[in-house]
Amino acid sequence: MKTVLQVQNMEKYYGNKGNVTKAVDGISFDVEKGEYIGIMGASGSGKTTLLNCISTIDRVTSGYIYIDGMDVTKLKGKHLSKFRREQLGFIFQDFNLLDTLTAYENIALALTIMKTPAKEIDDRVKSIAEKLMITKELSKYPYQLSGGQKQRVASARAMVTDPTLILADEPTGALDSKSARMLLDSMETMNAELHATILMVTHDAFTASYCKRILFIKDGKIFNELVRGRDSRKEFFDRIIEVVTLLGGDSTNVF
Amino acid sequence: MYSKLAFGNVKKSMKDFTVYFLTLTFGVCLFYVFNSIGSQEAMLKINESQKSIIEMLQMAISSLSVFIAVILGFLVIYANRFLIKRRKKELGLYLCLGMDKRQVSKVLIIETLFIGVFALAAGLLAGVFLSQGLAAVTAKMFMVEMKEFTFVFSGEAFIKTIIYFAVIFLIVMIFNTFSISKVKVIELLTANKKNEALKVKKLGVSVVLFLISVVCIGFAYHCIRENGMMQTDDQFWMSIIFGTIGTFLFFLSLSGFFLRILKTNKKFYYRKLNMFILRQINSKITTTFVSMTLLCLMLLVAIGVFSTGAGLATTMGRDMKKATPYDVSYVKYFPEDEKNSEVKTDMRKEFKSKGIDMNKFVDKSCMISTRLYEKLKFKIFLNGRDKLVDYPKGVKASMEKSSPEIIGLSDYNEAMRKQGKQTISLKSDEYAVNCNFENMRKLWEDVCKDRVEIKMGGKALTAKSSMIDSTYYSASALPMDMGTLIVPDDVAKKIPVHTVVYNCQLKGDAEENTHKLSKLMESVYPNKTMEERNKAPYHTAIYKVEMIEQSAGLSTVITYIAIYIGAVFLITCAAVLALQQLSENSDNVERYNLLRKIGADERMINHAMLAQIVIYFMVPLSLALVHSYIGVKVASNVISTLGNVNAFNGILASGGAILVIYGGYMLATYLGSKAVIKDKNR
């Protein structure tokens, strides 16, 4: 399997002299093509910072991030935008759809920014919409959609450009449990049928149980790693809960 | 404590306040400068009559200022509302922290005061200095010398400005307090998360509405052209009403219409951020079409006032020499149904009998009479030539029914001789045409070329083949001879007298003698009441010197008033547009950040922003320009009944002003927005 993402000894410090916060403190891991990897951790553990650095929205203090063999920490300006629109797809917690555009146009926007020929756009938008079961919603505006539908539109936007890596930041964070389940099913489809490589940040064990592998982060460091293997989702979920208990309830610290 | 908080807020949000602050300063400055015009006379060498013109100007501006203050007041309240809207979250935080509403509005009041006092101070300072420069301009327009430079400060204008703006700010404070007392904390805190309920209209409806609006506007144009702005009849009001409705519908449907059209062009619509830009503009205009309509109409007023004002002013200044060949003219009118064709009036004798010896003043003089032949109407000349006269139908119709003036050959030649010009000769069956009124020229030239035949006094006369464009009649401010027929004396003698004119050239210092003579005449023949006027041997006395002074004065008055109204309207419009854009930036930051995340590069984003700003600024301006093109064209016909108008200079001047003011605001908006949406991480 081809390695899609390679993070090497990445560090991200905030603050100035005398008061340094090590948000990410020397993390290294690899992601293969077609993987569905989750990153878990408590608030403030550094998982969002890690995601931001991978998504090139933030800059690393030291270390390297290779996506598809390219060192993204060295990219600047125009190349950065080009890289982002061609290699990455984003799913955000608060959907981040443009409220002035219809669902169709929101999905198409990712393609128009890439300067995709107008002829191709219609087919690509419609085929991804069909797979994510939002064909009926295409002509609606975001304010006419439910949270789950919005998030599936956002997923379609992330998928439609056929990116190397999809980054999802707490995608179920703003959804009720039913919508969350539907979205996670959709994402599973994306991974299984469309062979999308997904990296998802979450602090919810149920959401994480859909992943194939989970990295646990604590205070900027990798704390543990779980691989689902042949486990059912229920079994995997129980194992995650165990680690989470350990992660949150480090008895020597509390008492 | 509160003032510290308020001051901090102003400092922190300086970027948002800049446009507001500058507009206020500009408004204050204009207000002071124009109200201080009266006191500028201290710097100018002017005489009594010019002084009275300046007083008139001062009065006019004074009453206009109330209206201007109302406009500026609306601007301030509007701008203020925007700034409050932008800061809802901050205000919500204050309330959460336990401040009560009265305290929050106290903070807002102090903020308003801060900005108000600073803007007032800055505006007044700028105004005091600018008014010194304006004195030089006034001097030039009045065609007078400047006395030595004295620093002019108008206490009256100063206090007036302060009072007017104090009232405006007071209203703003009341308004703020009121709006704060109404809101709920939860609304303030979640204000920026709230999705604006977009009013989505079916695009098909937009197309229909757009077509209706175009028809309405077209009909309004048609009405105003027919009406010619000559009278305020039904047609005039129809034009105003349909124009307003049309404009309203235009903005209501414009973006939807274009979206519909451009959407069919997939290649354009699905290219880079075009889709985003169009949708953004669509959502913006569909929520602001009411203010768009108002702005467009205000811009129309600004442009119209600017260009006609400037056109009028240049018309008045020109052609003065040509129009006033005599130093003094006394004119006596006879009623239109006068039957008498013999001239019995001799003004010189009548003056002498009252003790005014004209020989003391007069170098050369002539007494001429014009006549009116009821049976001869303009219709004869207009028939088949009405394309040569550029007047609306109604005016042409009433013109057809009137008669041209007629003058005997010897009277005409006498006048020419006294002016030192060439005399003319006529065959006994000929008449000649004299016309120096620009709009009628082509008509008369054609009449002469065709040698049109008329019947008068039982005789047939043919036109002499070349037209004359001298001024024979009397002193006047403008070349006003719409066409006079010069006929042989034996014909003239049979036609009733219309006016008798006594034209004089004065001896020695014409200016001094004019003043002496006019004083003397006024003491003998006071002309305060109708009765007194009818008793005098003349109805009107026209003195060249006074005419020039008045004309220069009048053009100054018109120009200043035009600039005053035009400038205030223009900055108001530009400021509102700029504030509407800038206040949306906080929403837009989110949108642009998203675009950035999904891979739009900075160039695309800047381009998208610029396109939105330019379109948003240009849409109301474009329609206003089309409106005012029609309006000014019709208005220039009205002005040209006073004399030939050259609106070109006016249009050039107003174009320049619009470019500078409007462009400045547009640039400020672009730079301001760019700074706000700039990516903070890079």
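Keep in mind that glycine also has a Cβ here, set from the backbone N, Cα and C atoms.
What you are looking at is a predicted structure, and each value in this text was computed from that prediction instead of being measured.
Look at TrEMBL and you will find B:17-37 (among others) tagged as transmembrane segment.
TrEMBL lists B:57-79 (among others) with the feature transmembrane segment.
Annotated domain 'ABC3 transporter permease C-terminal' per TrEMBL: B:63-183, in sequence order.
Under the heading transmembrane segment, TrEMBL lists B:108-137 (among others).
Positions annotated as transmembrane segment by TrEMBL: B:157-178 (among others).
What TrEMBL records for B:203-224 (among others) is transmembrane segment.
TrEMBL lists B:236-262 (among others) with the feature transmembrane segment. Counting same-chain residues at least six beyond the ends of the transmembrane segment (B:236-262), those with a Cβ under 8 angstroms from any Cβ of the stretch are 201, 203-210, 212-221, 223-224, 227, 229, 268-269, 274, 278-279, 281-282, 284-286, 289-290, 292-293, 296-297, 619-620, 623, 627.
What TrEMBL lists as transmembrane segment is B:283-306 (among others).
What TrEMBL records for B:557-579 (among others) is transmembrane segment. Non-local neighbours of the transmembrane segment (B:557-579) in the same chain are 19-20, 23, 26-27, 30, 34, 37, 53, 56-57, 60-61, 64, 68, 71-72, 74-75, 78-79, 82, 141, 291, 295, 298-299, 301-303, 305-306, 308-310, 312-313, 316, 616-617, 620, 654, 657-658, 661-662, 664-666, 668-669, 672; each lies 6+ residues outside the stretch with a CB under 8 Å from one of its CB atoms.
Annotated transmembrane segment per TrEMBL: B:613-630 (among others), in sequence order.
According to TrEMBL, the feature transmembrane segment maps to B:650-672 (among others).
Between the transmembrane segment (B:157-178) and the stretches B:57-79, B:283-306, B:613-630, B:650-672, Cβ pairs under 8 Å are most numerous for B:57-79. The domain 'ABC3 transporter permease C-terminal' (B:63-183): residue composition by secondary structure is 103 helix, 1 strand, 17 coil, according to DSSP. Sequence-distant contacts of the transmembrane segment (B:17-37) (same chain, at least 6 residues past either end, Cβ-Cβ under 8 Å): 10, 54, 57-58, 61-62, 65, 68-69, 72, 75-76, 79-80, 83, 115-116, 118-120, 122-124, 126-128, 130-131, 134, 138, 152-154, 156-158, 160-161, 164-165, 560, 564, 567-568, 571-572, 575, 578-579, 582, 665, 668-669, 672.
Here the transmembrane segment (B:613-630) has long-range neighbours at 217, 221, 224-225, 243, 247, 250-251, 254, 277, 281, 284-285, 292, 295-297, 299-300, 302-304, 307, 573-574, 577, 580-581, 658, 662, 665-666, 669-670, 673, meaning same-chain residues at least 6 beyond its ends whose C-beta is under 8 angstroms from one of its own.
If you look at the transmembrane segment (B:57-79), the same-chain residues 6 or more away from its ends with a CB under 8 A from one of its CBs are 20, 23-24, 27, 31, 34-35, 37-38, 160, 164, 167-169, 171-172, 175, 553, 556-557, 560-561, 564-565, 568-569, 572, 575-576, 579.
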